[in-house]
Structure formats: C-alpha cells, structure tokens
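Structure first, commentary second.
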Amino acid sequence: MSSILCHQHRLLSSCKDLTFLVKIHARIITLGFSYNTYTTTHLINLYSFFKKCNLSRTLFDSTPNPPVILWNSMIRAYVGTNQYQEALKMYSSMLEKKHINPDTYTFTFALKACTGVCDFEKGIKIHEDIVKRNLVNDVFIGTGLIDMYCKMGDLESAKKVFDKMPNKDVVTWNAMISGFAQSAEPVKAVEVFKKMQFVCQINVNSVTLLNLLPGVCKLMDIRVCRCIHGYVYRRVFPVSVHNALIDSYSKCNYPDVARRTFNELRGKDDVSWGTMMAGYAYNGNFYEVLELFDCMKRMGLKMSKVSAVSALLGAGEMADLERGMEIHECAIQEMIDSDVMVATSLMTMYAKCGVTDKARDLFWGIRGRDLVAWSAAIAAFSQSGYPQEALSLFRDMQNEYSQPNNVTLVSVIPACAELRAVRLGKSVHCHAIKASINSDISTGTALVSMYAKCNLFTSALNLFNMMPLTEVVTWNALINGYAQIGDCYNALEMFCQLRLAGLYPDPGTMVGVLPACASLGAIRLGTCLHCQIIRYGFESDCHVKNALIDLYAKCGNLSLAEFMFDKTEFSKDEVSWNTMIAGYMHNGLAKEALSAFHSMKFELFQPNVVTIVSILPAVSHLTYLREGMSIHAYVIKSGFQSHKLVGNSLIDMYAKCGQLDLSECIFEEMKNTDSVSWNALLTAYSMHGEGDRALSVFSLMEKRDIKIDSISFLSVLSACRHAGLVEEGRKIFHCMRDKYDIEPDVEHYACLVDLLGRAGLFNEIMDLLKTMPMEPDGGVWGALLDASRMHSNIKIAEVALKHLVKIEQGNPAHYVVLSSLYSQSGRWNDAVHTRVKMNEIGLRKNPGYSWVEVK
C-alpha cells in the first residue's frame, strides 16, 4: 500500500499541466484509492497552482473533518490567486471550529490576505489573536505583521513589532527596509540597512538591496547609491540587482553613470535594456532612448514591453512619426502591441505626432477594454495636448463604466483645467466626493491644480486645507498656480509654509518659485534659492537650470545667465535655448538673441513655436526683413503657420519691417484669428498711418463680435492721431467707457492729447487734463510739448516742460524742443538761456543716427 502511495505522490509531483493533473485525480478515484491528508493537500495545492481554486474547494468540502493543514492549504490557495476576501472567510470559518487550532502558517496566510484587501481592522483583530495565543515572537508571523502594517502605511506599529521580535532573520529585516523605502521617510530605510549589517551582523541578500534602492531613488542620494554599488561590485549578485542600480542612478539624475553601469554589465537581459531606456526617458534624453532601440534592433534582441514603452515615449516627445511607426511594427512582430501598456504608449505617440485618428482607432481596437484601458486612453489624449478628445472619451466611458476610479479622474481633471471647463471640473470633484476618493493624494492634488489654473484659489485653498495628507507635489500645484497668474508674493508665502511644515522641496517646487523671484526682480532671494538648489542636488535638473537662467536674465545679470547656459555638463534642450533668447530680448539685446537663434540651429536643435514667437520681435526690432522672411519659410516648412501666436508675431514683424501688404496676407491666411490677431492688424495700420483702414477693421471687429479690449482702442486711437482723424478719434475715445465699459488709462489719454494737439485744440486739451482720473505722465506732457512746437505755442510748451522736468529730469530732448521753439519765435535770449540751463545740469543731446540693412 505504501508503494502505491509513493507512486501516487510521484505522479502528482510530476504534473506539468492541468489536463495531466485531472487525469491522475480521475485515476485515483476510479481505482478506489482512499485519500490521506498528504494526497488531499497535494491535490489542493496543485489545483490552486493552476488557478483552479473552485476544484480545490470542492475537494476540501468533500473531506470530512479536515485537519489544520488542509485549512491552511485552502487559505493559501485563495491568497495565491488573489481571492483575499475568500481567504478571510475561510479563516473566519476555521475559527468557528472549536476542535481546530490555527497554527503559525494559518496566521501567516491570513495576514497576507488582510494586506491584499487593505483590511486594517481585520488585521488588528488577527494581531490580537496572535498575542492571545502567544505566537507573536514567531519569526514568520512577526514578519507577516511587519509586512502588513508597512503596506497599510502604519510604520509606527510595524516598527514596534520589529523592535519586540527577539529573533529576526534576513526576511524580517527586508520587510522593514521595504516599508521605510516605500514611505515618506526613506532615510530610515538606509538607517535600518546600516544597523542590519554593522550592528546585528546580518548578511545582506539581493532582496535587501532591491527593497532598499527605491528609497535611495526617493532620496536622490548619489553617495548612498555609489556605496551600494561598491558593495555589489565586490560580491556576486544577480542581474536584477545591477538593473536596480541602473534604475537608481537614472532616478538620481545621473544617466551617464547609469549608462556606464549598463555597459559594464555582463549577461544583460531584456530587463537591463528596458531599465536603461526607461532611465534615459526619465531624464528626458529621448535621442539616447531611440539610439538604444536602434542598437537592440541591430543586435536582434527581443523588445520587452518596458523597452517598447520607452522607445514610443522617445518617438512621441521628438515628434518622430517615422520612428514611431517602426517601433509599432516591432511591437506587432513581438506580439506585445495588444498589451494595454504598449497600446496606450502607441496611442500617446500617435497623438503627440498629431495623428489623432490613428490614436483613436488604436484605442477602439483594444479588445475587452476595461477601466484601466479607458483611463490610459484619456491620459494619452490629455497629456498629448488634446484635452477636448480626452473629455469626449471620458463621456463615452461613462456609458460603459459608471464608476471611474481615481486614475481616471487624475487623467481627466488636467483636461478640464486646460480647457478652463470649471463646471465639468466641479462635477468631477463631486463624483470624487461621492466615491470617497477625494482624499486620495493624487486626486486631491489634481483638483487643487485644476482650481488654481482656473484662477479659483479660494476653492483650491479650501480643498488643500481639507486634505488629510499632502505631499510636496500638492504644495507645488498651489505655488505654480500663484506664479503663473503673477501673484508672486503668495507663491513665495506658500513656499515658506512648505518649509515650515517640515517638507523638503523638490525640483518641481523650485521651477514654480524661481519665476516668482524673477517677476519681482528679487535677485538676492533667487541667489539664496540657488544655494538651496545646489545643497539639495537639483542643479543638474534641466528644468531647474532653465528656471535659474530665466531668473538671472530677467534680473539683469546676463553674464551669470550665460555662464550657467554655457556649462559643459548642462544638457541643453529647446527650452534652454528659448529661455536664453527671451533673456536677451528682455534686456534689449536683439542682435545677441538672433545670434543665439542661429547657434541653436547650428547645434541641431529644432526651433519650436515658442522659439519662433521669441525671435520674431528681435527681427522686428532690427527690421531685418530678409531674416524675417527666412524664419517665415521655416515656419511654413515646419507646419507652424496654423499656430495663432506665430501668425500674430508674423503680422507684427512684417508691419515693423515696412511690409504692410504681407501683414495683411498673413492675417487673411489665418484660419483661427483671435482678438490679438485683430489688434496686431490694427497696430500695423496705425504705424503706417492708415487711419481709414484701421477704422474699417475696428468697425468689422464690432460687427463680428470680436472681443475689443484696451489694446484695440489704443491701436485705433494711434491710427486716428497719425491720420488726423479728430472727430473719429473723439468718438472712439468716449465709446470706451460709454459702450464697452473700459476705463481709459494714461496711454489712451496721451493718444487723445496728441490727436487734439496736432489739430491745435489746446483749450480742449487743458480741459481734458483737468478731468483725468490719474496724474498725467511723461507721455501726456510730451505729446502736449510736441503739439506746442508744431503750432509754436510757447505758453503751453512752457507748462508742459515744467511738468516734464519733474517727471523726466535726465531727458535733454524736452529742453531741445523748447529751445528750438524759442528760436523759431525770435526769442534768442530765451533759447540761449535754455541751452545754458541744459549744460548747467549736465545734459547733452545724443546725436541721431539711422541704418539700413546691407546684404
């Protein structure tokens, strides 16, 4: 009989598939062999291994008075197939049997089930039962308790269990290290790791390092990373540890060190390639990602899902559709294109390359779309600059899934913010409250960011203050929101509060707070922040470096901005060049801006829309028509002519270069014009003295309900003054307040004074000055002085000069105008006296000059 049982057990142990197992089981039944505990346990475990827990349960239920080992096997089977609720029901049924006493294995599996469903209350009850049965010192149970508490976020309870355990093995230490590494206090993971080695003399294994390295990534501590690397280098560890080191160096913003580690690694697997590609993608080195993809293809290596996702991300970010289609073909060959993660990346790539129809078709082609697939598709369109498509998909999704999860909401909320769809954003917020996911950090942060971008800071702050837990990224949403609307003081105030709350800023914080310093011209505060950036190791972050360049340029310290830009270790991107070009323009250095633009192209960086919009004002300032036309040709070649910002800038550039007809052509070719486009055309007519045409455009704006703002009025008033259209100018000035409820500012008054002054209507001007709600500035008095010179009205000129001397003490032009006026009127003594007075106060007239473009 024993030989039959042995043969039976050998057969069961040799099972390689479910069919063979069922045949053996049927054979046991047909031969009439009786079950013993060992055979039944073996069958239950095998059925669960093949994911057939229902058959395991049938076998268990057919066993009279099953012993503890069978109960444990059944609970373990449910845990192994992620049926945690069933496992806990089994555990509860077991406790009801008075003749059955749970043992060490029972509690170990029950704790895993609690962890799986995050049932904190049940976990505490099991812990209490463990204490009652005096099993708390068991190393397996203790490790299970630590793992449960860590994964439920109760690190304090986990540490208490850990500290009370008399005997700890390497698995126990690994569980504690993993808990701290995944928490908000990763530095404690390093402390436990050190204690494990140097105090308790426990040998580290590969799991220890794999658990610790995610904490090192959070700390971004390159020194710890190098220490661990040195430890690994002197010993033999599997490839997985080396892959984790590549990942850690990448996430510490040292992709070059990660690449050296990758190059030196022998026996690279597909995970190694995928990790290195993901590391480059994480640091924005998309060219290198595609370079690795090409290398894999040449070597005939299998492309993993991670490699495909990273390669597609690189193709999407570089808008390289041809390369993206090549990666798509490889994914089809490897039969991974139907995977949700890869399919989502394909959608994102096509969306970023502007092929939205293909992206949409890919989504609808995914079989068995679940909530994860819908969420991923919404995120793909939202992150690729198609918020309207994202919202459309969200509405379609609600027809199939009435309960979107927090991932879906985090994907759709930014689309609401982008479109300023406040009502829809609020309805999503209501849904989050009903689904009890509004307290989720990612959802709460997305909502705070949405309200901030929609300029609803009261709602953003209320939500922020109600959140039970906030992370640095939540604070960043508010800091960036304030900075983007120009509320610099509140942005800096939030930064101070973040530090007082005991949180450490991250690169995103600095990218938000540095522009606030730049707007205020707070160079000293910006320098202090620069010191903190160096201290925290953020200086190598490209976004932070760009923000620092912008800060120093806007604060007038161009030499320091250039020094940082020219640093050899600085990996420049298009934003870096755009920032430098904008910095030159901010400081009035148009030639230097144009030189930087040419250097950018020479170094094979592709100018984008922002580059074009930044450089065209430099061309306008220098009136370099040939240069402007060359840039226009690049715009057409790159497909940027559909962008309103580019079109508006081209209208302005051609007008300032004397080509009004080309400005008109650009305007007429624009498919989507806005008020800025119309104002640009108004300004073009104004500077060319085309008053009647400016009035016609203004009238057309009124008929087509184009939004008319203060700039529109300033442009048309300027056109009227150049053309001498007094009556029309008066009517337009008065309709500002009467018809459009727009209060004229000092520039509008200056235009009207100039218009009336050219017509010699000085009495009307003096009456107008008395009714001004603000003090006239240099522009108003200067316009009056010019009009006085034109009509030889010395009395009014003297009044104007009296005020101008107070406002613009160092400007010699006003004295020259008055002296000339005295000379024209034959008052030579007054003319000489004016010139002497100029010399006495140290003023000299700057000689005039003009230039023409040659070649």
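Every residue, even glycine, has its Cβ placed from backbone N, Cα and C.
If you check TrEMBL, you get these features:
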- 67-102: repeat 'PPR' (REPEAT)
- 138-172: repeat 'PPR' (REPEAT)
- 269-303: repeat 'PPR' (REPEAT)
- 370-404: repeat 'PPR' (REPEAT)
- 471-505: repeat 'PPR' (REPEAT)
- 573-607: repeat 'PPR' (REPEAT)
- 674-708: repeat 'PPR' (REPEAT)
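This prediction places the mean pLDDT of the repeat 'PPR' (67-102) at 87. Long-range neighbours of the repeat 'PPR' (138-172) within the same chain, counting only residues 6 or more positions beyond its ends whose Cβ lies under 8 Å from a Cβ of the stretch, are 104-105, 107-108, 111-112, 114-115, 118, 120, 123, 127, 130, 178-180, 182-183, 185, 200, 202-205, 207-208.
Residues 37, 40-41, 44-45, 47-49, 51, 53, 56-57, 60, 109-110, 112-114, 116-117, 119, 122, 126, 129, 133 of the same chain sit 6 or more residues outside the repeat 'PPR' (67-102) yet have a Cβ under 8 Å from a Cβ within it.
Note on the repeat 'PPR' (67-102): DSSP counts are 26 helix, 0 strand, 10 coil.
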